[in-house]
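Visitor: This is the structure, below, for whatever I ask next.
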Amino acid sequence: MAEFKHRNIIALRDLTKEDMELLLATAENMREINSRDIKKVPTLRGKTIINLFYEASTRTRTSFEIAAKRLSADTVNISPSTSSATKGETLADTALNLLAMKPDIIVMRHAVSGAHYHLAKKVTCSVVNAGDGAHEHPSQGLLDLLTIRDRFGRLDGLKVAIVGDITHSRVARSDIQGLTKMGSHVYLAGPPTMMPPAVEKLGSVTVCTTMREAIQDADVVIMLRIQQERQGKTLMPNAREYSRYFGLNPENLKLAKPGAMVMHPGPINRGVEMSSYVVNGSQSHVLKQVENGVAVRMAMLYHVCGGELE
Amino acid sequence: MADNLTVLLDESGIKRALTRISHEILERNKGVQDVVLIGIRSGGAFLAEELAQSIAMIEGAAIPVGAIDITLYRDDIKNHTSRLPVGKTEIGFSLQGKKVVLVDDVLFTGRTIRAAMDALMDHGRPECIQLAVLIDRGHRELPIRADFVGRNVPTSSKENVQVVFSAQNQPLEVVLEK
Amino acid sequence: MNLLIKNGRVIDPSQGLDEVADVLVEAGVVKEIGTNLKAPAGVHAIDVAGKYVVPGLVDMHVHLRDPGLEYKEDIVSGTKAAAAGGFTSLACMPNTKPAIDNKAVASYIINKANTEGFCNVFPVGCITYGMGGERMAEMGELKEAGCVAVSDDGRPVANAELMRRALEYARGIGILVISHAEDLALVGEGVMNEGFTSTELGLKGIPRVAEDIATARDVMLAEYTNSPLHIAHVSTKGSVRIIREAKARGVKVTCETAPHYFTLTDDAVRGYDTNAKMNPPLREADDVAAIKEGLRDGTIDCIATDHAPHHLDEKDVEFNAALNGIIGLETSLPLSLKLVEDGILTVNQLVEKMSCNPSKILGISRGSLRVGAVADLTVIDPAAAWAVETEKLVSKSRNTPFIGWKMKGAAACTIRGGAVVFSR
């Protein structure tokens, strides 16, 4: 019988295909709970989960909170403002103070890549990554896998295009790790200013120079969020030109396979990376992603909670 | 067969027991009106299907069957070092006002039944819950009693009782492992 | 202060010496080198058969953190760590608090080192006031106070005009300029080498070209102004190539690298190990190969440590928040001896790069065992096997990626001015 041996879930890079299969199988069965009148099971009764969010996030935090509550865990949300954190307490001290309150899991989002490994060295409870810098966002990666598998019944052999700022995207890294391990073929597109060096060595990844090349005959198109504040300075002229070359619209979507799935981790900049016609169109699975997010996070919390020490 | 294994029931013995239980269910509930079968994964779910077929043969009427996975409701899970995979709960109908016959293969401590009842309650409010088991091996830790029993088997708590199923999920035999 | 060091392999490239001999030290200077020397009355004799006797090692790139940052290191602990690593002399960088941009700070360091230190300390003054990159510091007075070079190490002089004038002015004064070659715009918010590892770890990368461009600029300025220039901590294959070509053209450029740049790659950052975070960052395998080739063919003149102590609190944090730098004084010798074992350098070349060349470049009267020279000697046990252990480090700080490493080779005895300052 498959067993989940990890105490923490920090990166899909650290998980095997079998680990991810187990999480996805559990998530599928968790969905039944979410469709009931009484959306709650007693599994994590008496467990305390701290949502420690150093970066603002409404949807991920809410999704983790709902996931925890549906498993009957007690949740506490802490959002140290970045300014007070830099002035005062270190992450390690914050963690040790929280640990003294005996949590079972700390779900953390942090702006620094790898901060969770630092945290995990300091605490004895489980650590679940809700996003770290430009490193990984494993729950998003898993919910993307689940959403794609729902539609095709498999992941291996699919052509998945990921378009946008790969360099700064933790979603892209988790998607690449997850998809390539599950046998999908990943095609990346974006301006060269947004393509990190040697990214093709991450697995079965093809770097494309044009968006057309990436989405041609794709089964799935994942669009990444473009932020004028971040990429606007030196990585691209402006959102308008970006949208012309790397935006998804009903026209270029026709290049993908008929009925190809369109996904986006949200929040969407309508009219920049994706036209509203696509967002609202029948090929968009954006809300399905959000729905699967709760089930995937339930599965993650469930499996780390009883997991033996790595 | 190894020396430490004893066959308690063979295939036909199981069939006879299930047929008798079917009659008892019909008798107790005066037919199939509002009766539903819910099997506990995994053995109980297979047996619930068998019972449904048997009842359909006797009564000439189909009876709704569902399956429930109680992993998320267990109270002994803390002892596990890694979490059990979660099975699928499939109850394609409302339990509101239904007479639910909960089906399991072996009744032992009663903790599984406790968990299953909790799980059922989260799916709605049945009129009543009855319990059908193929084997009752004793050693209850909770005040739980089966309404329909295929066979009572005195065991020691160190022994193990198992219902063996075929690849097609047909019950083949019940074995006692010393 | 009289000492007879017997039966060692005496290696002194400054006089083309490499033979088993005895060295007699009297009144703090080398009195005689020869075979079967007899210890005069009252002279302590030590037998160092099987060991190397070399001119005291010189580390031209050390951060002593004193004054101002003594919680990381101070002149006493830093020079003690240097002596333990086989160094008899070091040049300390000016990014102290206050910075070494005036005579008072330089004098403080020299005085404290003379009275309490375990090795010779030669301060490096600032190129610009407070390392602010805006106004030239008083290089003349700094030289008079005892500074052997000027540098804004830790920061580049970003303004090319100012760097040009600094090179010209320093030439007039007769003081060496040491360049910290880094283009800050290209570095941006980078925290490690830009490459596959940074891509996988999601850490912002520092491209190699950020160093190459700055190296090229300063080399061209040195060429244009006909001024001597020393490039600190060379880490990229691009920099090695630029310096090699410049030397071939006759540019008065010298350079150093550090043991971590020929020992580690950016793979060491995996696991987000902040003890593998330094500036310039650890590079890739082809850079390591180029550094080794540069050492072999003489493009790289010196091995310096860039010993950069930091407190635990400054390293035991998230990767981005950690300060740059590692300590190196106690691990430099065995890591460099590995180059000899691997056939990249002869032991003579190693002594040149760790003693003769830095002395020559800094213009200090060290790096030689000529009769009459100050008796700074290092006795090296090339076979000593030991492991780097946190508790045994002499430095106040413990920020090294080499904890747990098995080392081969160590200083058996460090002698400064004829006095034993460290003995293993």
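Placed from the backbone N, Cα and C atoms, the Cβ positions cover glycine too.
The following feature annotations were taken from TrEMBL:
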type: BINDING; residues: A:Arg59, A:Thr60, A:Arg109, A:His137, A:Gln140, A:Gly266, A:Pro267; note: carbamoyl phosphate binding site
type: BINDING; residues: A:Lys87, A:Arg170, A:Arg225; note: L-aspartate binding site
type: DOMAIN; residues: A:7-149; note: domain 'Aspartate/ornithine carbamoyltransferase carbamoyl-P binding'
type: DOMAIN; residues: A:156-303; note: domain 'Aspartate/ornithine carbamoyltransferase Asp/Orn-binding'
Visitor: Between A:Arg59 (carbamoyl phosphate binding site) and A:Arg225 (L-aspartate binding site), how many Å separate their Cα atoms?
Guide: 15
Visitor: Name the residues of the same chain, 6+ apart in sequence, whose Cβ is under 8 Å from the Cβ of A:Pro267 (carbamoyl phosphate binding site)?
Guide: A:Arg59, A:Arg225
Visitor: Checking the spread of the carbamoyl phosphate site as listed (A:Arg59, A:Thr60, A:Arg109, A:His137, A:Gln140, A:Gly266, A:Pro267): what is the longest Cα-Cα distance, in whole Å?
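Guide: So the binding residues stretch over 16 Å, Cα to Cα.
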Visitor: Neighbourhood of the carbamoyl phosphate site (A:Arg59, A:Thr60, A:Arg109, A:His137, A:Gln140, A:Gly266, A:Pro267): other residues with Cβ within 8 Å of the Cβ centroid, in order?
Guide: A:Ser57, A:Ser63, A:Ala130, A:Gly131, A:Val171, A:Pro265
Visitor: Check the DSSP secondary structure of A:Gly266 (carbamoyl phosphate binding site), expressed as helix, strand or coil.
Guide: coil
Visitor: Taking CB atoms only, which of the binding-site residues A:Arg59, A:Arg109, A:His137, A:Arg170, A:Arg225, A:Pro267 fall under 8 A from chain C?
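Guide: Listed in sequence order, the binding-site residues near chain C are A:Arg170.
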Visitor: Counting Cβ neighbours within 10 Å across all chains shown, tell me which of the binding-site residues A:Thr60, A:Gln140 comes out on top.
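Guide: Answer by Cβ density within 10 Å: A:Gln140.
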Visitor: For A:His137 (carbamoyl phosphate binding site), which of the three DSSP-derived states applies: helix, strand, or coil?
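Guide: Once the DSSP labels are grouped into three classes, A:His137 (carbamoyl phosphate binding site) ends up as coil.
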Visitor: Going by DSSP, give the three-state secondary structure for A:Arg109 (carbamoyl phosphate binding site).
Guide: strand
Visitor: Measure from the CA atom of A:Arg170 (L-aspartate binding site) to the CA atom of A:Gly266 (carbamoyl phosphate binding site) and give the result in Å, rounded to a whole number.
Guide: 13
Visitor: Can you tell me how the residues of the domain 'Aspartate/ornithine carbamoyltransferase Asp/Orn-binding' (A:156-303) break down into helix, strand and coil by DSSP?
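Guide: Counting residues per DSSP class in the domain 'Aspartate/ornithine carbamoyltransferase Asp/Orn-binding' (A:156-303), I get 62 helix, 25 strand, 61 coil.
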Visitor: Sorted by position, what residues of the same chain at least six away from A:His137 (carbamoyl phosphate binding site) have a C-beta under 8 A from it?
Guide: A:Thr60, A:Asn129, A:Ala130, A:Gly131, A:Arg170, A:Val171, A:Arg173, A:Ser174, A:Pro265
Visitor: What is the total of other Cβ atoms whose distance to the Cβ of A:Arg109 (carbamoyl phosphate binding site) is within 10 Å?
Guide: 24
